[in-house]
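Please read the structure below before turning to the comments.
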Amino acid sequence: MLNLYYIASSGLQTGQQALSVIGNNLANATNPYYSRQNIILGAAGGRVTSTGHIGNGVRVEGVARAFDEYANERVRGTETLLRASSAHYDKMSSLDLEFSRTDNGIDTKLNSLFNALKDISTVPKNSNYRSSAFTALKELTGRFNKLSDELSKQEQKNNQDIRQSVNNINQLTGQLASLNREISNRQSIDGGGAYDLLDRRDALLQALSQQTGINTQIDSRTGAVNVTLSNGHMLVSGDKANALEVTTDNNNPGRQVIAYRDAENAIIPLQDSLLDKGVLGGLLAFHNQDLPEIRDRLNELALHLSNRFNQVNKQGYDDNGKEGEDLFSYALPNSIANGRNQGEASLSVTGLNTDPDAVGGVAKPQDYTLRFENGTWQVKGTADGRKVESTFVDDKLTFEGVTVAVEGDPQEGDSYQLNPFNGIADSVAVSIKNGDEIAAASKKEPQDTDGKETGNNGNSIALGNIQHEKLINGATLSDAYAGLIGYVGTTTLNLRETSSSQEKAFQDAYVERSEKTGVNLNQEYVQMEMFRQYYNASAQVLQTANSLLDTLLTIR
């Protein structure tokens, strides 16, 4: 009789615990980082009698946590790619909105200028036409300035976002290290980690993978998770976290880089190409690929336009019979000295050739490294390391259409970074004071009684013909700008499509993990009904035992 009480009691206790586990599952059904828990039951032993083995009921062996590391890795892997393309797309779409404006684009301003020059060619002395052309010149340079300013603002905002992403990474790795400590302590006490801590850790790992690509490995002895960057640098080792930081590139103090602080507190600059995943990867791709490309193309367009218009305008005569002067001006950049330089030299661009017929070639918008070695200057392409032929005469360094003035004395090993086109679109401005200074005449004409030229349109026609000249890599000014717009638009579209496909891959991985480790309401309802009946049945057994006992007690 007593054994029947034990059996019924074990059933009631087991049913109650099972319903508690199921209830907890149902309560966390909408928690995306909760892993389903399952009760594990086993026989409570028994005893051998003359009639055979009699069981002693049931016992709870434990509660298991549904876990699939491969499914977790797939979710993290797909989301880190999604976050990279999404962050990249968000940045490019902002630029696309600005560059694709048809009402106020550079192509619109160019057309207005060439139309105004065409009007001048019909009536060179018309002051209204000249005023319209002057206004078109101002609006054109203003648009260059506006787009360049927009690029600078986007760069500043992107740099802030990079710093924020690095801060997020450091906060998450610090939390993971603390959580590892808690899990290891729990492991040493009862041989297992608390499931709520493991769920929190999975959530932190997911959040970390949203920021950057990671690899994980669980220490089977301590239960702690070790986290490395995709390139192998350790972010979390047990209860220790190694921080990332944004610092200045010694080779180019004008550029920020991501650095890794290791266990010995040494700062190790990381190659951006190895940080290509997560939000940080998308921001770095925008910073290193698209911003320089767009800025270079815009500066190149501003330079070729300015130089060609200046060249043609100086071939003619203005409305007052004076020789034409530059229509446009722009600032030429200085180089950026390496932070470890020992000398006192400063290098600045003094000339950029855009004439394909001139000696020395046409200048290109690209990054150069200028190094003083063995008593002379060496020039290399920064990106590819190619050696660039150069000459150094009378403190002037000349290479690939670029002339650089050297002031002061360098020391052996000093180096400088230079993009000779930097700042041109930002600084381009109209040099003349009014439309009368547009050199429309191709030759000096007799003056009328008011001291004005009697009129000649030869040079205004030449200015207008610039519209059809192939000035930039075999393209006209309008075609070159269309190429820039095409780059921005195509890149943005490709990123949108990439994000869309990666969103689907992430959702598929998420659903697969949910099916393996998440809470299925229908299954839990079935389990709940089964254990409800199980509990009721155990209660009925207990009631039967009580009834039998009552019967025995009534026997006299």
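Cβ atoms are placed via backbone N, Cα and C, with glycine included.
TrEMBL has this to say about the protein:
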- 6-29: domain 'Flagellar basal body rod protein N-terminal' (DOMAIN)
- 93-328: domain 'Flagellar hook-associated protein FlgK helical' (DOMAIN)
- 137-182: coiled coil (COILED)
- 337-420: domain 'Flagellar hook-associated protein 1 D2-like' (DOMAIN)
- 515-554: domain 'Flagellar basal-body/hook protein C-terminal' (DOMAIN)
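The DSSP breakdown of the domain 'Flagellar hook-associated protein 1 D2-like' (337-420) into helical (H, G, I), extended (E, B) and coil residues amounts to 0 helix, 39 strand, 45 coil. Sequence-distant residue pairs (6 or more apart) of the domain 'Flagellar hook-associated protein 1 D2-like' (337-420) and the domain 'Flagellar hook-associated protein FlgK helical' (93-328) include at least 3 whose Cβ atoms are under 8 Å, placing the two stretches in contact. Away from its own ends, the domain 'Flagellar basal body rod protein N-terminal' (6-29) comes close to residues 36-39, 41, 44, 55-60, 63, 519, 521, 524, 527-528, 531-532, 534-535, 537-539, 541-542, 544-545 of its chain (Cβ-Cβ under 8 Å, at least six residues beyond either end). The average pLDDT for the domain 'Flagellar basal body rod protein N-terminal' (6-29) in the predicted structure is 91.
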